[in-house]
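Here's what Swiss-Prot has on this protein:
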type	residues	note
BINDING	K11, F59, R87, T93, R104, N114	ATP binding site
ACT_SITE	H117	active site, pros-phosphohistidine intermediate
Amino acid sequence: MALERTFSIIKPNAVANNNIGAIYARFESAGFKIIAAKMLHLTKEQAEGFYAEHKGRPFFDGLVEFMTSGPIIVQVLEGENAVQRHRDIMGATNPDNALAGTLRADFADSFTANAVHGSDAVESAQREIAYFFAADEIFPRS
């Protein structure tokens, strides 16, 4: 297996519900190292830019509105096969379909307010990490 980095967001509902620590505990117990993290409140422009690939889809405006509704936590996770393993612990996008014990099964409020975001490929992880973090904000830990 290859050591990878993936990008993760703890969404506004999970921040508001005080689930940050529980989610971080899951990341660490799954073997991820958190090598960059920050809390921020997205502007409409930042959210639209981040989710630009979804522009024109029926859910886009609601997603932007939700993602700007409160603070989020963005982080870079590092570990073996990080992209897929992070997707596995997140669970299905629709929390109604998420397996018990996954982040979305445990912390999501709805399809849009599904607690977490994670990169879907190594290439998108690189792009998403660069959207929120400068190279000097990432601290690999061995």
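Numbering starts at 1 and runs along the chain as displayed.
Every residue, even glycine, has its Cβ placed from backbone N, Cα and C.
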- [ ] Mind telling me which of the binding-site residues T93, N114 has the densest Cβ neighbourhood, counting other Cβ atoms within 10 Å?
- [x] N114
Open item on the list: Using a 10 Å cut-off on Cβ-Cβ distances across all protein chains shown, tell me which of the recorded positions (K11, F59, R87, H117) has the largest neighbour count.
Closed with: K11
TODO: Between the residue listed as 'active site, pros-phosphohistidine intermediate' and F59 (ATP binding site), find the distance joining the two CA atoms and give it rounded to the nearest Å.
DONE: 15
TODO: Specify the secondary structure state of H117 (active site, pros-phosphohistidine intermediate) as given by DSSP, simplified to three classes.
DONE: strand
